[in-house]
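Visitor: Okay, these came from TrEMBL:
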- 64-83: transmembrane segment (TRANSMEM)
- 103-121: transmembrane segment (TRANSMEM)
- 133-151: transmembrane segment (TRANSMEM)
- 157-180: transmembrane segment (TRANSMEM)
Amino acid sequence: MATKQPPPLMKKHSQTDLVSRLKTRKILGVGGEDDDGEVHRSKISQVLGNEIKFAVREPLGLRVWQFVSAIIFSGVAIMALTFPDQLYDAIFEEESVNSKTPIRLYGGALLSLSLIMWNALYTSEKIIIRWTLLTEACYFGVQFLVTTIALVESGRISTGAMLLLTSRILFTLITVYYYYQVGRRPKKV
C-alpha cells in the first residue's frame, strides 16, 4: 500500500510582500502614531511602553543644586548634633539655650532629610526628584516663618538671623524653580 506523500512545503513570501506587511502592522496597531504622538515599532513596545517617555529632561544645574542642598542639610545637621550652643548663638546671638535637646532633635531631623537629599541625587525618576524638591521647599518655608516669628517675639534682630532669613528666601525660590522645571512637560518637536 503506497502512502501518498504530502506536497513539498512552499515558503510563504507574504512577509516580504510590502502590502501584506503594511496590512499586518495595521491590524496589530503598530507603526502609526498613538495619542502621545509616539510611533511604536512593535506590539511589545506599545504594550510595555517606552522608557524614554519617563526619562527626565533635567534643567541646567539641578544636580549641582541637589548636591549643594545635601551638603547644607548634612553640615547643619552635624553642627546641631555636636555643637548645639554654637549653632543657636550664631543665629540668635544669645548666650545659651536652656536645653540642648530641642536643637539636637532638630539636628536629627535634618540628618534624616539629608539622607533623602543624598538618595535623590542618584535617581533619575521624575516623581522622586519632585517630591524631594517639594520637601526641601517646605522645610525652607517653615524655617523662614518660625525664625521670623521668633525674632519678632524676642524683639532682637541679629546679623546672623537676617542672613539666615535671606538665604532661606533665596533657597526657597531656587528649589521652587527646579520643582516646576522638573514637572514641566517637554515640548514636542
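Even glycines carry a Cβ here, placed using N, Cα and C.
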Visitor: Is the transmembrane segment (64-83) in contact with the transmembrane segment (157-180), using at least 3 Cβ pairs under 8 Å (sequence separation of 6 or more) as the test?
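Guide: Between the transmembrane segment (157-180) and the transmembrane segment (64-83), contact is present.
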Visitor: Would you mind listing the long-range same-chain contacts of the transmembrane segment (64-83), meaning Cβ under 8 Å and 6+ residues beyond its ends?
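Guide: Result: 103-104, 106-108, 110-111, 113-114, 117-118, 120-121, 129, 132, 136, 171, 174-175, 178.
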